[in-house]
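Each remark here refers to the structure printed beneath this line.
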Amino acid sequence: MLKRFWNWFCRPSKMAIGAVILISALGGIFAWSGFNAGLAMTNTEEFCSDCHMNDVVPEYRASSHYSNRSGVKAICSDCHVPHEFFPKWQRKIIAAKEVYAHIVGKVDTKEKFETYRGEMAEREWARMKANNSQECRNCHNFDDMDFTQQKEVAQRMHTLAQEQGKTCIDCHKGIAHNLPHMEAIQKNFIPDDLLKKSEEKK
């Protein structure tokens, strides 16, 4: 009997092989669907608001990225989560550490959050600088801009930014959230070198 079972195990029927393949395929489809559903859930504004309702969410909701005349809205993940698969997962892994920091009480109050705001902002700015402000450029792209439709100062700044290889986050900090207490950052978020060259071209 043992020998018969061994022979059956070593030489499975075509039906058994087909059943294993079918079950594996269905299992893979369900697993991938669940994986994507979970990923999509963590990209929602509601998910982000669970931790950030008392700090950056009110700031974001007062910005033009939340409400504007054109009705085009950017949610948290549009700016803070890359669209590409592998960069997205790299960001999700880092975000897990940030969720842990909230759970253990490191930044679970507005006061604690403000203590680390500068550190967190600089880390996010560095990430966006490294990927050439990809999340910004998913909506705003130099190649698609009609500079003639912009204000004069914006035309000059964008032209200089292109010439010098600047990226969006070099100038546009504090767009959807309050800036940390950093004296080096100007009110209008224009770096000194760009501002100086702009004045020279007048």
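Each Cβ is built from the backbone N, Cα and C atoms, and glycine gets one as well.
TrEMBL does not curate its annotations; it predicts them automatically.
Record features, source TrEMBL:
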DOMAIN    13-182  domain 'NapC/NirT cytochrome c N-terminal'
BINDING   Cys48, Cys51, Glu98  heme 1 binding site
BINDING   Cys76, Cys79, His80, His177  heme 2 binding site
BINDING   Cys136, Cys139, Cys168, Cys171, His172  heme 4 binding site
BINDING   His140  heme 3 binding site
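Here the Cα atom of Cys79 (heme 2 binding site) is found 7 Å from that of Cys136 (heme 4 binding site). In this view, His177 (heme 2 binding site) is surrounded by 22 other Cβ atoms within 10 Å of its Cβ, with every protein chain counted. According to DSSP, Glu98 (heme 1 binding site) sits within a helical segment.
Within the set Cys76, Cys79, His80, His177 that the record links to heme 2, no two Cα atoms are more than 12 Å apart, and one pair reaches that distance. Other residues of the same chain near the heme 1 site, with their Cβ within 8 Å of the Cβ centroid of Cys48, Cys51, Glu98, are Phe47, Asp50, His52, Ala95, Val99, His102. Cys48 (heme 1 binding site) and His177 (heme 2 binding site) are 14 Å apart (CA-CA, integer value).
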